[in-house]
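Here is what Swiss-Prot records for this protein:
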type     : residues     : note
DOMAIN   : 4-185        : domain 'UmuC'
BINDING  : Asp8, Asp103 : Mg(2+) binding site
SITE     : Tyr13        : site 'Substrate discrimination'
ACT_SITE : Glu104       : active site
Amino acid sequence: MRKIIHIDMDCFYAAIEMRDDPSLRHIPIAVGGNADRRGVISTANYPARRFGVRSAMSTAMALKLCPQLKVLPGRMALYREVSRHIHQILSRYTEWIEPLSLDEAYLNVTDSHHCYGSATLIAQEIRQSIFDELQLTASAGIAPVKFLAKIASDINKPNGQYVIPPDRVADFIKVLPLRKIPGVGKVMVQRLANMGLETCSDVQKYDVIVLVKQLGKFGQVLWDRCHGIDERLVNPDRLRKSIGVERTLARDIHQWEQCTELIESLYLELEKRLSNVKPDLRIARQGIKLKFDDFQLTTQEHVHPLLDKQDLLQLAQKTWTSRREGRGVRLVGLHVTLQDPEIERQLLLEW
């Protein structure tokens, strides 16, 4: 049976700012963009969260919810440096580390001899080391599979941990709300509720064939999760699957010519980022993103073998014409999906 730990730093960016300036500790703060420039919140501390401030929320909305909120611009170079230090701490216990972002990672400690092989004690020691060396707190979840470890890490936040041992998995899952499963968002929660499914126990009683017919591939994934199945390994060589660039505008745009100028600028940035990963600019798909002044988001993409500016412009113009409906546009983004390395390798093999 595997022993998986999910380490999740507590309000990471904000925690670093509070560490470096103790006067911020007991007031609501957030790291994010300027409200005048249509900024977005990256993270908020717990005093701010009590007012309803959340990540990915517009800074303007956050300030409406919490007028006294102090919004800091963020120091990404420092956050990356701290993240590297955290990774060094994790690597003392296992080489099987899968970073998910700067502030969270999975560890497989199944074969670790540290702390007598106890995943619970390893997680405690990691969290203590992070605090001793960086004066930051982390939460942890311990379980036999990845998705349960991730769910568990959220249960005793902040600065806590939760263990789901193998003999408690079945009971834990039975009462688990479907909204707690990673990948089940608000739209899917409503769709499942319309099908009479609200907990994992409900899905366990559902015919898997019918579920797949109704939900496609995700139906099988959901059925597996509701039975405690997650075969995904902790992957230290996790590869980037996509690259994107986007810009939130200080003022809404209403003219296609304005959008064209922005896409020209974004394309140069996307091309530069992609060339660092794929010098030949080969991709699997490319697409565009538009967010309107009512915050509705639309994304369009299609299969394309190479990064292609003209194709992106055509796709964007088609989306602009068919989806905008007179609304202003507050965000424009471009993205590419990279080729699966295994598929790419197979395509290069000789017959």
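Keep in mind that glycine also has a Cβ here, set from the backbone N, Cα and C atoms.
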Recorded positions listed as Asp103, Glu104, least Cβ neighbours within 10 Å: Glu104
Average pLDDT across the domain 'UmuC' (4-185), rounded to a whole number: 94
